[in-house]
Amino acid sequence: MKVFYDADIKLDALKSKTIAVIGYGSQGRAQSLNMKDSGLNVVVGLRKNGASWENAKNDGHEVLTIEEASKKADIIHILIPDELQAEVYESQIKPYLTEGKTLSFSHGFNIHYGFIIPPKGVNVVLVAPKSPGKMVRKTYEEGFGVPGLICIEVDATNTAFETVSAMAKGIGLSRAGVIQTTFREETETDLFGEQAVLCGGVTELIKAGFETLVEAGYSPEMAYFETCHELKLIVDLIYQKGFKNMWHDVSNTAEYGGLTRRSRIVTADSKAAMKEILKEIQDGRFTKEFVLENQAKMAHLKAMRRLEGELQIEEVGSKLRKMCGLEKDE
């Protein structure tokens with residue numbers, strides 16, 4: 001595994017280039033501001049007078065329509081949601097994607113699964129911070145950065161590495177370290193992590209633990225503290241020190257109980273389910289399902305969101321977060 005740092009990368013490859021960041025959500029804002037503050041020439045491409053138009057202007061950006069930005073830019077960095085990218089690409093970006101330009105992403109979904117097929121003569125790269133946008137910006141402003149990934153799918157100009165690594169440096173990623181990988185590896189591992197562990201697995205584990213305690217007669221408030229609130233403390237220890245030192249920092253009771261009981265929670269069946277989830281990602285079944293969901297205007301997803309918001313743990317959690325000063329009334 002090759003890791004690149006600031007000293008390994010020069011920004012010179014981008015000094016005479018214009019980078020169009022398409023989208024101004026969490027990542028779009030953070031990445032565009034960081035590159036701008038690194039001295040790079042950045043424009044932001046958005047829907048005319050859309051919700052983010054004024055936000056980007058107020059942040060000091062030159063804001064253009066997506067078509068105008070794509071025409072002007074040497075590098076087009078697409079940071080709108082996965083499900084919108086192909087349609088926007090075909091109608092507003094592709095006509096201006098001339099030979100020698102670079103098409104860039106922060107997630108490989110649409111390239112890996114073939115929803116976007118760039119023309120010949122165009123570099124296709126990926127630069128992905130391994131952190132939410134707010135932390136990408138916060139750590140940059142503090143003089144550091146978050147780790148990131150770079151990938152090269154097509155090197156049409158023989159300068160794709162210089163381009164994508166300089167983008168990573170401009171965003172601040174090489175301050176912490178940038179790993180080179182592939183579109184396939186980034187896409188499939190990212191989807192798996194979200195579904196099986198980080199978003200899907202963890203929330204289901206928390207919910208099951210909370211419900212077990214409440215159903216046994218314990219107060220919802222105590223159940224929330226013990227199964228959800230304190231999770232951050234443990235995750236922070238793992239994040240900073242790894243498993244071994246996390247076990248060292250908790251009590252002997254917690255260490256013994258956790259080590260002797262954990263395999264009864266995440267069982268061989270759980271791992272078999274993870275392998276099936278990974279297969280669905282690898283063979284495209286998940287992608288087809290998600291595309292159909294998007295075509296149905298996210299009806300199932302919206303229903304799941306509503307049900308999730310009605311869970312008892314959400315009501316109790318909101319009350320306790322306000323008590324702790326972590327959440328404010330909207």
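Every residue number used here counts from 1 along the chain in the order it is shown.
Including glycine, each Cβ sits where the backbone N, Cα and C put it.
Pulled from Swiss-Prot, these are the features on record:
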{"type": "BINDING", "residues": "TYR24, GLY25, SER26, GLN27, ARG47, SER52, ASP82, GLU83, LEU84, GLN85, GLY133", "note": "NADP(+) binding site"}
{"type": "ACT_SITE", "residues": "HIS107", "note": "active site"}
{"type": "DOMAIN", "residues": "182-327", "note": "domain 'KARI C-terminal knotted'"}
{"type": "BINDING", "residues": "ASP190, GLU226, GLU230", "note": "Mg(2+) 2 binding site"}
{"type": "BINDING", "residues": "ASP190, GLU194", "note": "Mg(2+) 1 binding site"}
{"type": "BINDING", "residues": "SER251", "note": "substrate binding site"}
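Annotated features, which come from Swiss-Prot, shown on the structure.
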{"residue": "TYR24", "record": "NADP(+) binding site", "Cβ contacts under 8 Å, 6 or more apart": "SER32, VAL44, LEU46, SER52, ASN55, ALA56, LEU79"}
{"residue": "SER26", "record": "NADP(+) binding site", "Cβ contacts under 8 Å, 6 or more apart": "PRO132, GLY133, LYS134"}
{"residue": "ARG47", "record": "NADP(+) binding site", "Cβ contacts under 8 Å, 6 or more apart": "TRP53, THR65, ILE66"}
{"residue": "ASP82", "record": "NADP(+) binding site", "Cβ contacts under 8 Å, 6 or more apart": "HIS107, PHE109, ASN110"}
{"residue": "LEU84", "record": "NADP(+) binding site", "Cβ contacts under 8 Å, 6 or more apart": "none"}
{"residue": "ASP190", "record": "Mg(2+) 2 binding site", "Cβ contacts under 8 Å, 6 or more apart": "HIS107, GLY108"}
{"residue": "GLU226", "record": "Mg(2+) 2 binding site", "Cβ contacts under 8 Å, 6 or more apart": "GLY209, LEU213"}
{"residue": "GLU230", "record": "Mg(2+) 2 binding site", "Cβ contacts under 8 Å, 6 or more apart": "none"}
{"residue": "SER251", "record": "substrate binding site", "Cβ contacts under 8 Å, 6 or more apart": "none"}
**Study point:** Residue among binding-site residues GLY133, GLU194 with least C-beta crowding, 10 angstrom cut-off
**Key:** GLU194
Check your understanding: Mind checking how the domain 'KARI C-terminal knotted' (182-327) divides into helix, strand and coil residues in DSSP?
Key -> 124 helix, 0 strand, 22 coil
Review point. What span in Å does the NADP(+) site cover, taken as the longest CA to CA distance among TYR24, GLY25, SER26, GLN27, ARG47, SER52, ASP82, GLU83, LEU84, GLN85, GLY133?
Key: 21
Study note, to complete from the structure: DSSP output for GLY133 (NADP(+) binding site) maps to helix
Practice item. Using a 10 Å cut-off, grab the number of neighbouring Cβ atoms around the Cβ of HIS107 (active site), all chains included. Key: 21
